[in-house]
Amino acid sequence: MTLWSSIKPFWPLLFTFILPRALNYYRALKVAYRTRPPARPLDRKTSRGLNALFGSICTFLYASWPNLRGDLSEHNVFVITQSRLGVATDVLFERLALLRDGGRLMDVDETLRSKLTSPALRQLYLRFGPSTLLACQFCHPDDPLSYLLYYLPTNALLPHLFHTLILGLATSETVSGYEASTWRHSAVVSALVLAALDVFLTATYAPPVSPSTTAPAGTFWIGSSIRYLVLMAFDAGVAFLMYASATRRFYLFPSLATSNAPDVDPELSRRRTEETLTQATLALQMAGTNLRAYSIARNAVVRNPGLKAADDEYWRTVVAMEGDESVLGDEEVQAAIARAYGSGGVNVESVRREAEAFVKHATRALDGGAR
């Protein structure tokens, strides 16, 4: 039976459902890409939120590096000595002593030596790490739940608490602006779900390790590295979404986060409107300042005989070069404008009258200043 004949029964499903939907998605993606809003520069508020996430990413990246966390006593003694899980305790710590300064064990090594005396304790050591095994005062080898209760707050919950705090700060409207705040609910809820999943896996995932296994890695060290790497990737994804929504880059579909935000929260919509009005007011003020500067310059030209003569000579030259016929009167120009506007013709005289009225209205203050 060939591959061609094996997939032949699925042709109706492929050509009836999958292929048309794929083509529709492709067309929608193509249209969304062409009609995406223009990019804009990153504002200062969003930069503050991105800087907070960058600091969080660097912190989690540093914490995920095993060789940089703690001293040698925090590392897996089975890995650094390349020993089997079932090796004798004396042999294990004799090998460990060779790695210490002066060939002597430290006090923490002696304490750990007294703990790794049974297979059950060694399994707990691989699962919860050396700090839990050494510092827990109420834990008992016959009750793994006691070790779990001691392990969770500082090793699992504290990183997620710090992560949620940074997300709340980075997506705050006060700190990062409106665009970043639209991702606040999704980011915080996803972070809480991630924390719950981490706690669930920590509490339930406890694979037994064979005593003959050489240099067992241990779920404590593997889980710690994976935890910090996942938090780092999560913050990087949130930073990308904040950057994309603030600058409108990589934004194939308009307003993924803000499409429902104004309808759900009228207060956010009102603040966004106020922000837009403030920006428009500032733009109008700048335009008014430029017009006043132009008016002052124009008045200076009109009042100076030499500059006024040069200006008049320039416009006489322009009129002489143009002649009696305007460019808008050319048939090819009219046909091109008609095609652009989708109409049958262009009334040149109407366009001329509208242009003269606009110029007269715009230069009314200048003429008054010149007089």
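Using the three backbone atoms N, Cα and C, a Cβ is placed for every residue, glycine included.
Under the heading transmembrane segment, TrEMBL lists 12-29, 50-68, 157-175, 187-206, 226-246.
In terms of C-beta pairs under 8 Å, the stretch of 12-29, 50-68, 187-206, 226-246 lying closest in packing to the transmembrane segment (157-175) is 187-206.
Counting Cβ pairs under 8 Å to the transmembrane segment (50-68), the top-ranked stretch among 12-29, 187-206, 226-246 is 226-246.
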